[in-house]
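S.K.: What follows is a structure written as structure tokens; I'll ask about it next.
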Ligand SMILES: O=C(O)COP(=O)(O)O
Ligand SMILES: [Mg+2]
């Protein structure tokens, strides 16, 4: 199984649902913003199925649920700015890294892989969240959902990273929890690992046909052995 990702030299990680269980704090911010609009508060289970396509889409889905109708653009913009205000005030109170994340990132770095973070979360929240969880130093490059003109499932962030690192996409592995990550990897012609514990709109993530499905983050280590100078040059 160590041959499976033989050509891989760089790994891009998704954030929410892959490295961190952020839904408890997203739920508070989302529920507070609905309540400010005079609407019912949403549950954590609902947010778990709405998250994954960025903050604006999360708010659109929450408003559509609370109104039982499509929201106006004015409602979206008001609820979105309320959401951002609440989320910024409490980014990590109840957000936790999944088991093994910190050690596994350290080991992968030691093994010679270049590590990047590609999330659909608005960029303004990403560096403070990574710092507060103590994992910011692992990533050479960090893209948020608004860092580039398109976000996942577009392949653009992955292709942009490859261009920046002068890497053929075949050398990139995308590790995520949702079809947005897997579809982006497929479209970029990169390999993908899908983790089953995250958020995938209530559907099994294996349906999107990733290269590999794993139940635990640290199992990645079994598939990604140390890169020697020779393998890096020959890849
Ligand atoms: O903000 C979101 O929708 C989630 O972002 P991520 O799963 O791409 O990290
Ligand atoms: Mg995710």
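Each residue, glycine too, has its Cβ placed from N, Cα and C.
OK, TrEMBL features for this one:
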ACT_SITE  14  active site, nucleophile
BINDING   14, 16, 177  Mg(2+) binding site
S.K.: Ten-angstrom check, please: count other Cβ atoms within 10 Å of the Cβ of residue 16 (Mg(2+) binding site), all chains counted.
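M.R.: A 10 Å sphere around the Cβ of residue 16 (Mg(2+) binding site) contains 22 other Cβ atoms.
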S.K.: List the residues in the vicinity of the Mg(2+) site, defined as same-chain residues other than 14, 16, 177 with C-beta within 8 angstroms of the site's C-beta centre.
M.R.: 15, 17, 18, 19, 52, 119, 176, 178, 181, 195, 198, 199
S.K.: Which one of these recorded positions, 14, 177, has the sparsest Cβ neighbourhood, judged by other Cβ atoms within 10 angstroms?
M.R.: 177
S.K.: For residue 14 (active site, nucleophile) and residue 177 (Mg(2+) binding site), what Cα-Cα distance in Å is obtained after rounding to a whole number?
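M.R.: About 7 Å separate the Cα atoms of these two residues.
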S.K.: I want to verify one value. Collapsing DSSP to three states, which class is residue 16 (Mg(2+) binding site)?
M.R.: strand
